[in-house]
Amino acid sequence: MGASAVPGVRRSARLMQELPVAKRERPVTGERPVAKREKRREVPDTKREKAKAFATAAHASTAREASARADGVELIVGCDEAGRGPLAGPVVAAACAFSPGAEPIPGVGDSKSIADEAEREALYEQIVAAPGVVWSARVVSAARVDEVNILMASLEAMRLSIVDVLGASQRRPATALALIDGPFSPWKEGEKYVDFQQPQPPSDVALQVEPIKGGDAKVYCIAAASILAKVTRDRLMRRCAAATVGWRAACSTSLPPPRRLFLSATPAVRGPFLRRRYAELWPEYGLAEHKGYPTARHVAAIAKHGATAIHRRTFAPLKAQELPPPSADELRQIEAIEAAAQAKEGTP
């Protein structure tokens, strides 16, 4: 019997020749040798490269906007929110409309898929500088979240931002389509939602609303809105614009005037608060790091130091503590900071 033969098994010489060497020389007993698999693709070395690769792969499509324009819709607005899950801070919604024929910005996709904060910031700057873009970011406070619940607060921010965009142009469109991330229209129908319908779209604009589940990863203008909302909220949590509220100042952009940045708040809340940051007001909570989300560090800080004025009292674990609402002075301070972070831009 040859060295390669095994009792009870017959193998032809031709078969033995065709078998790979690793199989022909496999020992009869003992563990099988495992061949190393070849790498199928190069793996990015850095976090930024990984984020860029993911964002490029998840690049949102302009197909829905193109289809709507082919049907004669004059203005297509994408809308998304950021900040539904945190224990602290506001919820922010942004709406965004690009001019027809505008070149898509590479890498624009669902903001949650862009792990690198610097990457999101860079995309934000490209979006707001795009020729002809009209956008708005609206901030709804944690106090309002506690008052009406997070869903209603999110839809309220969406309504505000969409109406901003619809009314931003002197040349108002006759027809418009609002593409919404998620399953709900901001103007949610039903008897229990009758108190949550304001503001209404302009009466001279025929607006259609189309909710799209996962729209921030599929539809370009929704993806852009998701980045605007996310970056606006992140900046608010870690640093607020050092601006004087109540002024109307021209933006430094390549677009012709009167493209403007609007900041609005009551004169009573102007002052040094606008130069403060949530992370600076409450450094022990690490807000610049987690942006108010329920990380282990954040939950531990709440347990040690208690809740701040921007913590959501209707969210666990704070809900069980039955905490009093923020004071009037605290609410004015928060109003000033959030008003400074709230912006809208448009072209006539």
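Just so it is clear, glycine is given a Cβ too, placed from its N, Cα and C backbone atoms.
Per TrEMBL, the feature divalent metal cation binding site maps to Asp80, Glu81, Asp181. Around Asp80 (divalent metal cation binding site), the same-chain residues at least 6 positions away in sequence with a Cβ under 8 Å from its Cβ are Ala93, Ala94, Ser111, Ile180, Asp181, Gly182, Gly215, Asp216, Ile222, Ala223, Ala225, Ser226, Ala229.
Among the features that TrEMBL reports, compositional bias 'Basic and acidic residues' is placed at 21-49.
Averaged across the domain 'RNase H type-2' (74-327), the predicted model reaches a pLDDT of 83. TrEMBL lists 74-327 with the feature domain 'RNase H type-2'.
The region 'Disordered' annotation in TrEMBL covers 1-49.
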Number of other Cβ atoms within 10 Å of the Cβ of Glu81 (divalent metal cation binding site) across all protein chains:
28
Which number gives the other C-beta atoms within 10 angstroms of the C-beta of Asp181 (divalent metal cation binding site), all protein chains shown included?
26
